[in-house]
Structures are given as structure tokens and as C-alpha cells.
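According to TrEMBL, the protein has these features:
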type	residues	note
ACT_SITE	Glu124	active site, nucleophile
ACT_SITE	Glu128	active site, proton donor
DOMAIN	33-238	domain 'GH16'
CARBOHYD	Asn132	N-linked glycosylation site
Amino acid sequence: MKRLSLMSSSLLLLKLLNMANTSLSFLLLILVALFTQQLSPSVAKPATFLQDFHITWSEAHIKQLGNSTGIQLLLDQSSGCGFASKSKYTFGMVSMKIKLIPGDSAGTVTAFYMSSDTTANRDELDFEFLGNRSGQPYTVQTNVFARGKGDREQRVNLWFDPSAQFHTYSILWNRRHIVFYVDDIPIRVYKNNEAKGVPYPNSQPMGIYSTLWEADNWATRGGLEKIDWSKAPFYAYYKDFDIEGSTNGLAGAATRSNNWWDAPSYQQLSPVQARSYRWVRVNHMVYDYCTDKTRHSVPPPECLAGI
């Protein structure tokens, strides 16, 4: 089991100290967590791009960097681009470090997601980074599709400039819940509520995908802000691809004793993670389908489950 290094702990603390509207008690809890909380069990070296991924769309727009330890994605008027994992996984955790488009990125979407890639009963877990006009906060939209049903969007304004340096974005997926992380801080939890009749993605494996594309009909301020092609080309950068999951399908994933993500400590947020999660929701959440009364006069059942 891996703990955060002293260096990475210090860097994360400095980032937190710069956050606006952060309470002293929150910072103290995080400081304790940095040296006591097991945030990730992985000690494996992140894979190179070619080990685990292949290009699916517009090969000329993806450039490998640093002996294939990183890549550059390009969007211009001719095309966006995308890549996908060579394997599909049933439960586990996937992480990538991403540096997003700087400056005026309105109308662009950088997406990192898991998907069953099936026409019917699609399962999907989405990170979508919505471009903005210069000086505005970057918004990350998450969504969960289970057995073909999506429309579970939540949006969070990031509390840092994600184009200035790399940040880590992760998805934990096990039988109990799905957790979306930004730099090890949970920003979304989707629990398994099958007992309440709510679909949960646990019946098919999912691959890992990423795309950079133009979506100015909806991405920025609901489509009011259009892409400025005079700013093109647009670049996003990726590195440190880290995948841990079962590639043996549902049968392989059923062997709980061999899978760290089935350990009790990963079945719910720790008290410190729960405090961080609430901090994000109170200070940085800008949209939640659960509270959108124009869509749901009564909140969907999964919205009442807590964390």
C-alpha cells in the first residue's frame, strides 16, 4: 500500500493553502490525511502510451512525447482526435495526468472516460472538461451511464488552473460505488443502489477512452460561447497512464481476495475524504441533476443515498 511521498504531500498542501474560502479546519484535516491516509495502493510504474492504448481517431493529431510516456492531442478546424485502451476492465481504478487547453478554450471538450462501447445498455463513466473564455474557471462535468440510462450530470468548477500544470484525474469503480477524484480529492460519488431499483454498471467490462473535440453547441455556457478558430490549434497533454483492473471479465473480477479495490477501506470514503467531498460540493459545485427541478420534480432515488 502506497502513501503520499513527502514531496507530493508538500506540493498538495501548498495548493490547498492557495484555495479561496478554505477553512482552517479543512486544511488541518488534509494535513493529517497526507501522512496517515492511504490514498492509493498502486506502486506500479505508470505505463507508456503504446503499452495500453491505441489511437482511434485522427492519428496525425496525436503526437507521442518523452519516449511514449506522454502524448499531445490537437484540435483544429479539420479534426479532433481520440485514443482508447487495448483492453477492457471489470472494476478497478484508472488515472491520468492531464494538462488542459490554456487561454480561450471556449467550445472545446477534453474527455476522459470509461465505456462499455455497446449500442444497447451502455455503461459509461465520464470526465468532460468544458472549455472557457480566458479568465473564467474551468468546469469539469461528470456523468454516469448504467444499462443505457445517463442524464446524471454534475458540474464542478475547478479550484485551480488546470492548464498551468498537470493534475491527476482518477476513477475508482468497484461493486459498492464509483468515485471520481481530482488530485486524490473526491468530487463525485455514485453508490450502488440496485436494491432501490437504480441501475449500476456491474454487468459488463469497460474500456478507457479520451477525446479532444469541438462541441460549441453546448460546452461553454450552454452553447452561448462559440469556439474561436483563430486561437487554433488547441492542445491538451497527457502523461502517467495508470490502469489497475481485472481483464478477465466478470469471472475474474469475482475473485475478491485478489483485488485491492474490494478491500473494506475502498468501500466508502474515509472521514477525511468525506470532508473533502463536502467541501467541493459546497464551494465548487455549479450544477447537479439531483437538484434540477426542471428535470426532476422529485429527486431520483440515487440522489437520496448520501455517500
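Using the three backbone atoms N, Cα and C, a Cβ is placed for every residue, glycine included.
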If I restrict to non-local contacts, at least six residues apart, and a C-beta distance under 8 angstroms, what lies near Glu124 (active site, nucleophile) in its own chain?
Tyr113, Met114, Ser115, Ser116, Asn143, Val144, Phe145, Gly150, Pro201, Met206
List the residues of the same chain that sit at least 6 positions away from the residue listed as 'N-linked glycosylation site' in sequence and have their Cβ under 8 Å from its Cβ, in sequence order, or write 'none'.
Asp104, Ser105, Ala106, Tyr138, Thr139, Thr220, Glu225
Just jot down the residues in the same chain as the residue listed as 'active site, proton donor', at least 6 apart in sequence, with C-beta under 8 A of its C-beta; none if empty.
Val109, Thr110, Ala111, Tyr113, Val140, Gln141, Thr142, Asn143
